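Positions annotated as active site, N6-AMP-lysine intermediate by TrEMBL: Lys221. According to TrEMBL, the ATP binding site annotation covers Asp219, Arg226, Arg241, Glu270, Phe308, Arg379, Lys385. The domain 'ATP-dependent DNA ligase family profile' annotation in TrEMBL covers 306-419.
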Amino acid sequence: MLLVEVAAASTAVAATRSRLAKRAVLTGALRAAAADGPETVAVVSRYLGGELRQRRTGLGWRSLTLPPAAAEPSLDVLDVDRTFAGMAALSGPGSAGARQQAADALLRAATPDEQRLLVGLVTGEVRQGALDALLLDAVAEASGVEAEMVRRAAMLAGETEAVAVAALGAPSPDDARLALGGFALTVGRPVRPMLAQSAPDVPSAVARLTEGGAEVVVDTKLDGIRIQVHRDGDDVRVWTRSLDEITARVPEVVAAVRALPARVLVLDGEALTLDAEGRPRPFQETASRSATRDTDVAAATALTPFFFDVLHVDGRDLLDAPLHERLKVLDAVAAPHVVRRVVTSDSDVAAAHFADVVAAGQEGVVVKAADAPYEAGRRGAAWVKVKPRHTLDLVVLAVERGSGRRAGVLSNIHLGARDPATGGFVMLGKTFKGMTDEMLAWQTRRFRELEVADDGWTVTLRPEQVVEIAFDGLQRSTRYPGGVALRFARVLRYRDDKTAAEADTVDAVRAMLT
């Protein structure tokens with residue numbers, strides 16, 4: 001299969017706002033890949049999802065200078081994948097030059113559309129609005145299998161590629177179902193974490209989940225990093241929310257789980273740094289601690305794990321068990337490290353717990369349906385998070401030079417929400433509030449790394465940096481493309497633990513107006 005076919009599909013997906021039209025294009029591309037064999041399906045499913053198979057190639061934005069494009073397409077998908085694999089394997093003296101030569105040769109052989117796709121894949125900026133859920137629906141349509149079965153397999157596999165290969169490599173829909181049924185929760189292989197929707201306050205969150213007087217679980221939402229921990233005897237492994245393994249960086253988490261009574265476990269929770277009084281330290285300390293391999297830093301800022309769910313224990317899978325049953329198991333196997341919670345149908349009781357949690361310095365609560373299974377990888381209606389203030393995770397699109405006391409630094413940031421329909425970002429406003437001197441110095445360095453244009457006043461950035469913004473409210477506005485503006489927006493923190501693909505959507509922002 002030629003790369004130009006994948007590039008054409010990516011361009012067509014980006015050109016329409018219709019999810020049905022996007023799915024039809026993706027389905028056609030996947031069927032073409034399937035005709036070429038499972039290895040092609042593996043590569044094409046990754047490329048249509050906007051990523052390379054190689055997590056790191058050593059290439060950066062600044063190293064991608066576009067040469068004149070080829071007049072005719074000649075690049076084969078598998079050859080391109082092998083080229084990137086070769087780049088990723090390079091190391092030692094001379095590797096940077098060899099990598100650059102390989103990239104230049106690849107780009108010279110690419111047509112304009114192929115160049116755009118290749119640069120987008122390397123930089124993580126393929127703008128096509130083909131989110132993972134849409135790609136999974138296309139896998140289902142191309143293979144003739146029910147979408148729910150494909151989604152569940154992807155949840156358990158922790159990735160789309162393996163599921164696409166299994167479904168599209170089968171000779172019939174029945175064979176595809178059989179292949180997908182082989183995906184199961186496997187200790188040692190992370191699943192996609194279950195995610196929560198948002199609500200503006202505790203009463204509305206409780207009301208969503210307490211029809212007929214049902215009880216809800218109100219978990220403390222810790223201000224830490226999401227962790228998924230797998231134990232098989234003395235072998236303990238730890239992954240982040242994005243399924244990056246950090247086992248070697250968190251020995252204290254490993255030690256804590258080894259001390260638990262169960263020998264085989266899969267736990268979902270958070271890890272954070274605490275002060276001497278047991279209150280959470282600033283999130284940035286936790287994020288920095290989980291990212292470092294410096295043993296001195298690790299010793300000074302130990303992480304403490306807390307768990308709010310259990311997915312497997314000693315040979316028993318619990319994904320499909322109701323939450324109240326999973327929590328009984330969790331209390332039995334992880335009692336010293338269980339997140340504080342209340343179980344109630346009374347919104348006043350839930351609100352009181354919320355107030356206690358916030359007073360203790362934590363982030364808020366997550367209200368959960370007590371009878372719900374664990375739906376890995378989905379932002380389902382069974383979990384609803386509430387924070388004490390309106391916050392959004394937005395992407396910095398541009399930044400303006402400071403003046404007066406802030407002369408010489410990059411200060412006023414332009415904020416955008418993700419648009420799932422286009423794969424782009426929609427500007428919602430600007431802010432220079434909430435920034436400390438340390439933050440200003442940091443963001444000036446960071447934004448120079450992301451710079452793509454500079455008109456002397458405004459620096460346009462690659463849309464990669466996620467920032468958590470607090471605001472007092474929303475108002476309709478014709479000033480910004482999104483039709484809505486943030487009131488009294490201020491920076492809380494930069495979220496290096498999140499990618500731009502995880503930023504809040506413009507649809508979610510608009511829904512908060514109602």
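In case you wondered, yes, glycine gets a Cβ from its N, Cα and C as well.
Shown here: features listed in TrEMBL, placed on the structure.
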residue	record	CB count, 10 Å
Asp219	ATP binding site	26
Lys221	active site, N6-AMP-lysine intermediate	22
Arg226	ATP binding site	16
Arg241	ATP binding site	16
Glu270	ATP binding site	24
Phe308	ATP binding site	24
Lys385	ATP binding site	18
Segment-level pLDDT (mean, integer) for the domain 'ATP-dependent DNA ligase family profile' (306-419): 92
Listed binding-site residues among Arg241, Glu270, Lys385 whose Cα sits within 10 Å of the residue listed as 'active site, N6-AMP-lysine intermediate': Glu270, Lys385
For Arg241 (ATP binding site): DSSP state (helix, strand, coil): coil
Assigned conformation of Arg226 (ATP binding site) - DSSP reduced to three states: strand
Three-state secondary structure, Asp219 (ATP binding site) (per DSSP): strand
Helix, strand or coil at Phe308 (ATP binding site) [DSSP, three-state]: strand
